[in-house]
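*Asks:* Structure provided below as C-alpha cells; questions to follow.
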C-alpha cells in the first residue's frame, strides 16, 4: 500500500497527518481514548433512559443532573466489587481475555475520520488519528480479533453458560462479517480507495446510502449482528444463558467487556457514518470548519447509536437457527449478487469504446447474477420426517405438532350454546 | 515524519495499559471475603456439572462447516477489496476475471447450501 501511495502521491489528509509532531499524535491518542470512554458512559445512560421511556418508565434519574452520571457511578461501583477467580477457570486466559477484547476495540476506533482540517495549538492537522491506505480493513480486522477476547473469556471461565455464549458469539461474528465485508465492497469500488478520509471525500458528490442502498441496508443489519446487540444478542441471551460469556466475570474485568462492547458499537456506527453518510460533511456544502464537521459527525453517529437502542427496545431476540439462516441464506447471497451488479454497472459506466463488447460482457455478468438469484431461490430439499417408533405404549402428545384448527372461542361462537345463559339469581 | 502505523501502536499500547492496569488492580481494590461456594462456577444454584481439572476439556463444535465456509469467503473478500480499488483501471478484463472468481466460490457455496451444510440442528 505504500507503493500505491507513492504512485499517486499522498492525499492532502495523509500529508497533514504525516507532518504531525509526536506530541500531537500522543495528544490525539489520549483524547481519542477519552472520547471512546465518555461515549461509552453516555451511551449506557442514554440507552437506559430511552429504553425506559419506550417501556413507560423514567429510567435512571437520580444520580447527577438528570441521572446522567448513573453509568459513571456504576463504573466506579464495579471497581470496588470483589474480583472472583472461579476454581474451574483457566487462570491465565481468564485474566487476559478482557484485555484481548479491549485493545482491538480502541485500535479500530483510531482510523475514524472525525472531522476535517483544524489548527491545534498552531499546528495544522486533521481530526483523525491515522489515515491508513487500508483503513477499512483495520476496522474489519479489529472487529474479528475482538471476538477472541469473548471466546477465550467464555472458554476459560469453566462454565457451560459461558462456553455456549462464547461459541455462539464466534459463529455469529464469522457469519455476519461476510455480509458486512461484502456490503463495504460497493463503497470501496465507488470511492476507489480503502482510506476512510478518501471515502468521505468521494462522497462530496452524493452520499452512498442512497447510491448504494442495498449495501447500506446489509451493512446496518450485519453491524448489529457483528456487535452482538439486540435482536442478535444471542451470546448473552439472559433468558437462556444467564449472562453468556461474561457469566463468571466480576468487577473491573466485567467492566472491560462492557466497555469493549460499547466502544465497538460506537466504532461500527462511526463506520456507517463514514461509509454511507458522508462523514462529517453537510449536504450541499463543501468542507466546512473541522470542528463543525466533528460535531456533525458525532450527531450522525448518535443517529446510528439511537438505532441500536431503538432496535433493542422494539424487537424480541432471534432464535438461534433463524439468526444463522438470516445471515447465511439471506444476507450473504443478496450481498454477493448486489456486489456483482455494482461491479457490472461501474465497469459499464467507466469503459469507453468497445461498446458492443462491454455490453456483451456486462450482459453475461448480469445474467450470471440472475442465475445465482434463481439458484438461491430454489426450494430446499426437504426430507419427510420418519415415522416415530414409540418405545412404549405410554400416551404421548401428537408428534406432528400441527397447529390446532379453529380456536375454542370461535368454535363456541359458531355453535351457539343450546342452554340459555343464566340471567339472574335464582330464588 | 512518523510512520502512520506507529499511531495505531500507541493506541494499542494505551488501551492495553489501561486494560492490564484494571485487570491487575481489580483484586487489590475490591474486598476479599472467602466463600467456597462463591468460587464454584455459576449454574443457577445447583451443583456445578463435573469437568476436567485442567481447562474445560474438549467440546464438540457443531458449526465447523460454517467456520470453513467463513474462511473461504473471508479469503474471497480480501481479494475483492484490491479489485474494487483498482476496478476502474482494470476495465472489462477485471470484470470478467472477478466474475469467474466469484462464480467459483459461488458454486462451492451453492453446493454446501444444497447439501445441507448451512442447516443448524
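In case you wondered, yes, glycine gets a Cβ from its N, Cα and C as well.
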*Asks:* Suppose you had to name the range TrEMBL annotates as transmembrane segment; which of A:229-253, A:254-278 would you pick?
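*Replies:* My reading of TrEMBL: the transmembrane segment range is A:254-278.
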*Asks:* TrEMBL tags one of A:48-68, A:69-89, A:132-152 as transmembrane segment - which one?
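*Replies:* Of A:48-68, A:69-89, A:132-152, TrEMBL gives transmembrane segment for A:132-152.
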*Asks:* Which one, A:93-112, A:132-152, A:254-278, A:323-345, A:357-378, has the most C-beta pairs under 8 Å toward the transmembrane segment (A:22-44)?
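*Replies:* Ranked by Cβ pairs under 8 Å, first place goes to A:254-278.
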*Asks:* At a threshold of under 8 Å on Cβ distances, which of A:132-152, A:173-195, A:323-345 pairs most often with the transmembrane segment (A:207-225)?
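*Replies:* Out of the listed stretches, A:173-195 contacts the transmembrane segment (A:207-225) most.
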*Asks:* Have the transmembrane segment (A:254-278) and the transmembrane segment (A:132-152) got at least three CB pairs under 8 Å, pairs 6 or more apart in sequence?
*Replies:* yes
